[in-house]
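Everything below concerns the one structure shown next.
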Amino acid sequence: MEPPDARAGLLWLTFLLSGYSGAQAELHVSVPPRVEVMRGEQVALDCTPREHPEHYVLEWFLVDGTGARHRLASVEPQGSEFLGTVHSLGRVPPYEVDSRGRLVIAKVQVGDGRDYVCVVKAGAAGTSEATSSVRVFATPEDTEVSPNKGTLSVMDQFAQEIATCSSNNGNPVPRITWYRNGQRLEVPMEVNQKGYITIRTVREASGLYSLTSTLYLRLHKDDRDANFHCAAHYDLPSGQHGRLDSHTFRLTLHYPTEHVEFWVGSPSTTEGWVREGDAVQLLCQGDGSPSPEYSFFRQQGTQEEQLNVNLKGNLTLERVHRNQSGIYGCRVEDYDADEEVQLVKKLKLHVAYLDPLELSVPEELFVFLNSSSTVVNCSARGLPTPTVRWTKDSVTLADGPMLSLQSVTFDSAGTYTCEASTPTVPLLSRTQSFQLIVQGAPELKPNEIMPKSGNSWTEGDEVMLTCSARGFPEPKLTWSQRGDTPAEPPFEGRGWKSSSLMVKVTSALSREGVSCEASNIHGKKGHVFHFGSVAPQTAQAGVAVMAVAVSVGLLLLVVAAFYCMRRKGRPGCCRRAEKGAPPAREPELSHSGSERPEHTGLLMGGPSGGGRGGSGGFGDEC
């Protein structure tokens, strides 16, 4: 580390020296009058004669506490350099003289903080000296505080020990200040009832100083939440200052109860209602310290039923019942409290309840279609008095316990719900429902059909017929034609059942119609689907005629071929007749031996056939 500038802040000291033969000569010596350095650093002390005589000797002396001088070094210039001799005083590391003739003190300790005298001897020019003071600074260790860990009473009429603060191994002696909630405490050192401090300073073997400060205060109840700490202030070179703060701490105080609070800790209404079956907490709290005992009781007329005693101020009523409604009390057992302080607090606990709802009808209520009036009553018992309403499909039907059903239709069927609740007590509610079943003959709803195009149907058109029915008991759907699908609920619901039938439109079907019928034990109802006029399929009829003609022609050809094959072996069959009249012959018999006159007439030429002349002759016969 660089030594501080020994020339900084020079004080020129002028000495008047005597010369020979009564003549006087002046010699001035320049040294830094005060050198400040941190402990452990290095310092170099400069000593320079102002007149620069040709030859001189420079000597350094250490002045001890008694004022005695001890020679440290002798320095003599040789050209541009200085030759020095160091006289050891047992210092480690020893004193040194550098090439500029300065006295070097390495690793400065507190003991090096002395006065150093530089003496310059210049022969005929005279002798002069000057003193340089070295001041050593040391930063103390971290500030430590030891608070009083006992219980301090605010009822004491004198100052009590609060804490002890220590700042160790500093130089010069540090200073200690005290703070409450960040504000400095102006506490004197004189003993008094309100507060004071005591200070003890110790010089350690190292030469450093340790300071201990103890704070005494008369405490008040407001100090229960106060944060205290101390700080050590110390000096640094060049007029600088440092500060080391301790950690903050709080005190444990003993003070009597002045106020008591008693309330319901679990969820409750502003009126004090709690739900039956809940776990209810009763909380009691006094502002005394340490926490006193809390005694819980229930008021039974003029008597008190003792419930619990604890230090937590907490009483839990598990699964509270309606018969536990009443007046509850809390007593703070603080014998240091003032007689005027109210140590007993009471509250009234209201247990809200709601019994299961009762309906005047069974879970399934059967009524007949178009019945005049049916009244259903919902009985709700509870505290506070519940409000009741009737709903169906989340729609409110009536406010109050009475539900009147008039002119009942199938649309009236469904689930009716009685809802009871207590607006002042959240989440305390009940519901009860019944199913209304309407009995009666079926209602039928056909699905109207329209022609595919135009205003008429065409022969062969396919159409899906649908019938929907409802009633109780559930109606049965039947068709006048076969092929219907099983009944199934339609999209609209509400008890409707549907059945579908796929048919092809024909003229006969148009005349007769297609009917569907719904029936149950209470009656039946039907509907006939008509198709109106049905146009023939012209293009398709022509194709059918052509197909029949082709079939007939093919049949004739097959018959002719078969006949020819049968007659192939007979004489004169299938050959050309000779010219002239054929000879007379017997008629042929069939294979069965019977005559075939029809064949004879068909195969032989008639009277006009034999008279043909020229090249005509008989045509082929067969």
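Each residue, glycine too, has its Cβ placed from N, Cα and C.
Taken from Swiss-Prot, the feature disulfide bond applies to CYS47-CYS118 (among others), supported by sequence analysis. In sequence order, VAL29, VAL31, LEU45, CYS47, LEU58, GLU59, TRP60, PHE61, LEU103, GLU129, ALA130, THR131, SER132 constitute the residues six or more apart from CYS118 (disulfide bond) in its chain with CB-CB distances below 8 Å. According to DSSP, CYS118 (disulfide bond) is assigned to a strand segment.
Sequence annotations record features per position, and here Swiss-Prot assigns disulfide bond to CYS165-CYS230 (among others). Shown in sequence order, THR143, GLU144, VAL145, SER146, ILE176, TRP178, THR212, SER213, THR214, LEU215, CYS230, ALA232, SER246 are the residues of the chain, 6+ apart in sequence, with a C-beta less than 8 angstroms from the C-beta of CYS165 (disulfide bond).
Summarising the annotation, Swiss-Prot assigns disulfide bond to CYS284-CYS330 (among others) and lists sequence analysis as the type of evidence. CYS330 (disulfide bond) falls within a strand when secondary structure is assigned with DSSP.
Under the DSSP three-state reduction, CYS378 (disulfide bond) is assigned to strand. Over all protein chains present, the Cβ of CYS378 (disulfide bond) has 25 other Cβ atoms lying within 10 Å. The disulfide bond annotation in Swiss-Prot covers CYS378-CYS418 (among others).
Annotation source Swiss-Prot lists disulfide bond at CYS467-CYS516 (among others), citing sequence analysis. A strand conformation is recorded for CYS516 (disulfide bond) in the three-state DSSP classification. Contacts of CYS516 (disulfide bond) defined by a Cβ separation under 8 A and a same-chain sequence distance of 6+ are given as LEU444, PRO446, LEU465, CYS467, LEU477, THR478, TRP479, SER480, SER499, LEU501, GLY526, HIS527, PHE529, in order along the sequence.
The domain 'Ig-like C2-type 3' annotation in Swiss-Prot covers 442-532.
Taken from Swiss-Prot, the feature phosphoserine applies to SER590 (among others), supported by similarity to another entry.
The phosphoserine annotation in Swiss-Prot covers SER592 (among others), and the record cites similarity to another entry as its basis.
According to Swiss-Prot, the phosphoserine annotation covers SER594 (among others), on the basis of similarity to another entry.
According to Swiss-Prot, the feature phosphoserine maps to SER615 (among others).
Taken from Swiss-Prot, the feature region 'Disordered' applies to 574-622.
Residues or ranges marked as signal peptide in Swiss-Prot (evidence: sequence analysis): 1-25.
The topological domain 'Cytoplasmic' feature in Swiss-Prot is assigned to 563-622; the stated evidence is sequence analysis.
Packing against the transmembrane segment (542-562) from elsewhere in the chain is no residue: none 6 or more residues past its ends has a CB under 8 Å from a CB in it. Look at Swiss-Prot and you will find 542-562 tagged as transmembrane segment, backed by sequence analysis.
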In whole Å, how far is CYS418 (disulfide bond) from CYS330 (disulfide bond) when you measure between their Cα atoms?
42
Return the residues near CYS284 (disulfide bond), defined as same-chain residues 6+ apart in sequence whose C-beta is under 8 angstroms from its C-beta, sorted by sequence, else 'none'.
VAL260, GLU261, PHE262, TYR294, PHE296, GLY313, ASN314, LEU315, CYS330, VAL332, LYS345
Taking the Cβ of CYS230 (disulfide bond) as centre, how many other Cβ atoms lie within 10 Å?
27
Could you tally the C-beta atoms, other than its own, that fall within 10 angstroms of the C-beta of CYS467 (disulfide bond)?
26
